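Listed in TrEMBL:
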type     : residues                                                                       : note
ACT_SITE : Cys296                                                                         : active site, nucleophile
BINDING  : Cys169, Ala170, Ala171, Pro172, Gly173, Gly174, Lys175, Asp192, Asp223, Asp241 : S-adenosyl-L-methionine binding site
DOMAIN   : 64-369                                                                         : domain 'SAM-dependent MTase RsmB/NOP-type'
Amino acid sequence: AATAPRVPSTALALQNFDMNYSLQLGEAWPSVRASLLSEQKYGALVNGFADVERVTQELELVNAADFVSQGLQKAQRLQQGSVVEPAVGEQSASQEAPSERQAAKLPLPSALVTPNVKCYTFPRGDITRFRSARPNVLGILNYYLLDAASLLPVLALNIQPGDSVLDLCAAPGGKTLAILQTGLCRHLAANDISISRTKRLQQVLNSYVPKQVKETVCITSWDGRNWAELEAGTFHKVLVDVPCTTDRHSVMEEDNNIFHKMRSKERQMLPMLQLQLLVAGILATMPGGEVVYSTCSLSQLQNEYVMERAIEIAQTEYNIGTHVQDLSYFRTLFQDTFSFSSDCRLGELVLPHLTANFGPMYFCKLRRV
């Protein structure tokens, strides 16, 4: 008898998303769906260990702009009471025009985002691709291409001089590289349970970071769920960028797809793994320190529900209180670059949009009391 044709993992992913996200996102889902199935947009994270002035000039010549500095300039204008023009081009209904109310909600500039990070993007609606990064005379590459939305969790960490930072699920290395760009960490621990992925992280650092800087990073392949056994209550800032359904990858690529039929149990266990990692991140944070949790999924089960359960477990099982930090000002600062959801109970969510095809990227910040 003929065997039934194998259903591609990408098709299984899309079926799953159609069923779940049409309920979660409602009328927004067809637009988000079309964007997920279209070419992703990238940003160029400028490598501060290369010739920054030359790199930024080259990027500006092709009409790219640093979205981080644009957002901070916008914050300054809002706080000074200047009139700010709305973003050029189409905006989603979830985006508001800047107002006095928004300005009142903005923290002081020094407390807005992690400093010294530059990431260039093309304007809304511009689908130009960045050319491949090139090495300087020392073999250091000039920029790192990544989904620009993946920098938002690093910006939310708001790293300050002398901070001790843990990147609990660090591979393949884009966020670790962004953390290093700050030049502010007293100590940076970069961990990933996968030895093969940790090798990829080391390759990224070899290509972008001078040897003397790379040697200051402690790279480990520990099971992040057990980090408290290694170092509990020691870090000022912890990034918990967890394994997830990687929604865009899952609808576009067969390779390493979490929706493969052989991986259904692994996929079902993702929220539990994410919860364990987030609780471990909270335990690794010193009192007064902060944790940023992030995924590249739209799923509430992997986003808000994990946050809510982790807060509850930290309190009931470990007697650790946490406060969710308001990150709504990210929408105000960066709405010209990204399309944000307005429906998150906790944290912020970047929605893929055809004119700004970044994300999905969910991020939420906790302060340990």
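Every residue, even glycine, has its Cβ placed from backbone N, Cα and C.
Overlay of TrEMBL feature records on the structure.
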residue: Cys169; record: S-adenosyl-L-methionine binding site; Cβ within 10 Å: 21
residue: Ala171; record: S-adenosyl-L-methionine binding site; Cβ within 10 Å: 25
residue: Gly173; record: S-adenosyl-L-methionine binding site; Cβ within 10 Å: 26
residue: Lys175; record: S-adenosyl-L-methionine binding site; Cβ within 10 Å: 24
residue: Asp223; record: S-adenosyl-L-methionine binding site; Cβ within 10 Å: 13
residue: Cys296; record: active site, nucleophile; Cβ within 10 Å: 23
Would you kindly give the Cα-Cα distance separating Cys296 (active site, nucleophile) and Lys175 (S-adenosyl-L-methionine binding site), rounded to the nearest Å?
13
Limited to the domain 'SAM-dependent MTase RsmB/NOP-type' (64-369), I'd like the whole-number average of pLDDT.
91
Using the alpha carbons only, what distance in Å do you get between Ala171 (S-adenosyl-L-methionine binding site) and the residue listed as 'active site, nucleophile' once rounded?
14
In angstrom units, rounded to an integer, how far apart are the Cα atoms of Cys169 (S-adenosyl-L-methionine binding site) and Cys296 (active site, nucleophile)?
13
Just report the maximum Cα pair distance in Å for the recorded S-adenosyl-L-methionine binders Cys169, Ala170, Ala171, Pro172, Gly173, Gly174, Lys175, Asp192, Asp223, Asp241, no decimals.
20
Taking only the Cα atoms, work out how far Asp223 (S-adenosyl-L-methionine binding site) lies from the residue listed as 'active site, nucleophile', in Å, as a whole number.
21
CA pair the residue listed as 'active site, nucleophile' / Gly173 (S-adenosyl-L-methionine binding site), Å rounded to integer, equals 15
